[in-house]
Ligand code: PRP
Ligand code: URA
C-alpha cells in the first residue's frame with residue numbers, strides 16, 4: 001500500500017504554527033490558535049469530499065445544486081490534547097459525530113495507556129478523522145488507531161499539527177491504511193521523547209496544567 005503523508009503548506013497554517021511554538025504564547029491564545037489551525041486543516045482535508053447533483057426549487061426556478069454524497073464524518077480526538085482541535089473542525093463540519101479515545105503516554109515507559117473509549121455506534125460506516133496535536137514516538141496514535149479499529153472503524157485519517165519521522169514510520173508500520181496529515185515534520189525527538197523543537201507538552205499548554 002502506498003504510504004501517505006501530507007504536509008499542509010497553507011500560509012495561515014504555517015504562520016499560526018509558528019506562534020504556538022513560542023514559549024511565551026499562553027493557554028488562551030494557544031487554545032484559540034490550535035482550533036484555528038484545526039479548522040484550516042479540516043478545510044484542506046475535506047477538499048476531495050464527493051458531491052452529487054440534486055434538484056431544488058429556489059424562489060425563482062428549479063435548479064441543480066451540489067450536495068455531499070459520501071460517507072458521514074466523525075472526529076475522534078485522542079485525549080487530552082486532541083480535544084483542543086475538535087471545536088475548530090466542528091465549526092466547519094457541524095454534523096460530524098465526535099468519539100473519544102482517552103490515552104496518556106507513561107512518562108517512564110512511553111507506553112500508551114488507554115483509560116476511555118466511546119465511539120459513535122455507526123463508526124464503521126463513517127469516515128473518521130483521528131486528531132491529536134502531536135505525533136511523537138507514535139505510540140499513542142498507534143494504540144488509538146488499534147482501539148478505534150477494534151470498535152469497527154475502517155476509513156480513518158490521522159490529523160496532527162506537528163510530527164516527526166519516527167512517529168510517521170510507526171503509523172505506516174502498524175496502520176499502513178491510515179493516511180497522515182500534518183502541519184510540519186520536525187527534525188526529531190529529544191531525550192525525553194518530546195518533539196524537538198516542537199511546542200512542548202500539548203495538553204499542559206492547552207489546559208494550563210503546568
Ligand atoms: C501527548 C500528545 C499525544 C502523545 C504523543 O499526550 O497529545 O497523544 O503525547 O506522544 P507519542 O507519539 O510519543 O505517543 P500525553 O501523553 O502528554 O497526554 P495528554 O494529552 O493527556 O497530556
Ligand atoms: N507529547 C507532547 O505533548 N509533546 C511532545 O513533544 C511529545 C509528546
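Cβ from N, Cα, C; glycine included.
Matching 80, 151 to the 5-phospho-alpha-D-ribose 1-diphosphate binding residues that TrEMBL gives (105, 132, 133, 134, 135, 136, 137, 138, 139, 140, 201) identifies 80. For residue 140 (5-phospho-alpha-D-ribose 1-diphosphate binding site), the same-chain residues 6+ apart in sequence whose C-beta sits under 8 angstroms from its C-beta are 78, 103, 104, 105, 112, 132. The uracil site is set by 195, 200, 201, 202; from the centre of their CB atoms, other residues of the chain with a CB within 8 Å are 133, 134, 194, 198, 199, 203, 204, 205. Checking the binding-site residues 140, 195, 200 against ligand 1 with a 6 Å cutoff on the Cβ atom leaves 140, in sequence order. For ligand 2, there are no nearby binding-site residues; that is, of 80, 132, 138, 140, none has a C-beta under 6 Å from one of its atoms. When the binding-site residues 80, 134, 136, 138 are ranked by how far their Cα is from the Cα of residue 201 (uracil binding site), 134 comes first.
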